[in-house]
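What follows is a structure written as structure tokens; I'll ask about it next.
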Amino acid sequence: MSFYSNLPSAGQSSRGSSTSGRNGVGLEPLYPTIFEIMSSQEIDSLLPASIRYLLANHLVANFPNRYTLRLNKYFFEWFQAIKGFVEWYHLKTYNSTFIDRFYGLQLFSSRDRNLALTQCLNPKGQSEWPQGLQLNQQQKSVIFLEKIILPYITAKLDEILEKISMNNIFSSDETENKWPKRAFLRIYPFIKKLLALSNLLVKLLFLTKRTGSVSLLQYLFKIEYTTVRPLSSELSGLKETKGMDNRLRKTNISSIFALMQGQLSIIPRFLTFMGSQFFPTFIFVLRVYQWWTTQDMTTKLQKRVNDLDEDIPRPPFSSHSDKTEDKEGVSEACPVCEKTVQNPCVLETGYVACYPCAISYLVNNEGHCPVTNKKLLGCTYNKHTNKWEVVTGIRKLLI
């Protein structure tokens, strides 16, 4: 992941851009490469599909009950709820989303342009991120809306659009009370394409290093991308007094508790480090596992297709059919009248006979084939007329 962070920015050598400030230096050194952002967005979109794949193929398939089925049915709802808590924690703590943080990405507020330019010019700006460039509450809410709420609403609207489209295909009646559905079919795809085009234009501006935003909402609310930097605290004065008191402390319960708390504070940092190492590995293993299972399923399907292509054995024939097959010219003669077939039809057993002969024979012989003597499924007995009837036992041939 750190490979992309070490790539030189294409806009660092450009001068006189719209983001330029003092001495011709702009905000280009702050922006990451487009590869980092696209990789992060791709993983963010693949993560729910991968988790649902594991849930459906292992938990639901091995333990099918009403709880696991409901868990799979309402997957998008509870997954978005959990993701919302995780994303809000990371936005509040790190000014970054869960996936972006593992790619070394961070969001900052570009409303104070002079402070951002000072951060580029000041060599010490690489050490910590000032409070004025951190996201405010409104900008964090916008990112939460873009990452959590809007994808959920879009997914539900896509489902409604698909249902309405399918209903219009299979139902031809159009009444006046369906005008909201017709308006939705016209307006929603147009708005969706318009937003996609707007996001594409913002990405083109990002490629030209005119902005650090990659979406329309980020561009409107002055939210831009940068690489991860430590955030400065509002109470930075406490850092100067920390560690100055080297006097002996009293060994009472409070001091012992404070000492243990200080020693245990390393656990969250350790868990964060392990998570940063485990998450990329988990994503890689998950993709390999999906590829492996897909290849295995493809092999099984190909094997089944090959088994179907094998020669199908002929069905067993009765002694009467064997005698009939030995007769000369049986393939061109009707098995009932033993003459040349006129007005041909085919029976369920695959043999051809004259249509009048076949009807007469089947009715008088309780629906049995004249060649194999097998009962035809298309011949039924009518209890009202006390006669056998040919329903679907034969088919006319057009020659």
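Cβ from N, Cα, C; glycine included.
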Using the topological domain names from Swiss-Prot, determine whether Leu121 and Tyr225 lie on a common side of the membrane.
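Both are annotated on one side of the bilayer.
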Once the chains shown are all counted, how many other Cβ atoms turn up within 10 Å of the Cβ of Cys357 (Zn(2+) binding site)?
20
List nothing but the one residue from Cys334, Cys337, Cys354 whose Cβ has the fewest other Cβ atoms within 10 Å; the candidates are the binding-site residues.
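Comparing Cβ neighbours within 10 Å for the binding-site residues Cys334, Cys337, Cys354, Cys337 has the fewest.
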Any idea what the model's mean pLDDT is for the topological domain 'Peroxisomal matrix' (209-277)?
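Mean per-residue confidence for the topological domain 'Peroxisomal matrix' (209-277): 68 out of 100.
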Grab the same-chain neighbours of the transmembrane segment (137-168) for me: Cβ-Cβ under 8 Å, and only residues 6 or more beyond its ends, written as numbers and ranges.
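Distant Cβ neighbours of the transmembrane segment (137-168) are 44, 76-77, 80, 83-84, 87-88, 91-92, 97, 107, 109, 181, 184-185, 188-189, 192, 215, 217-218, 221-223.
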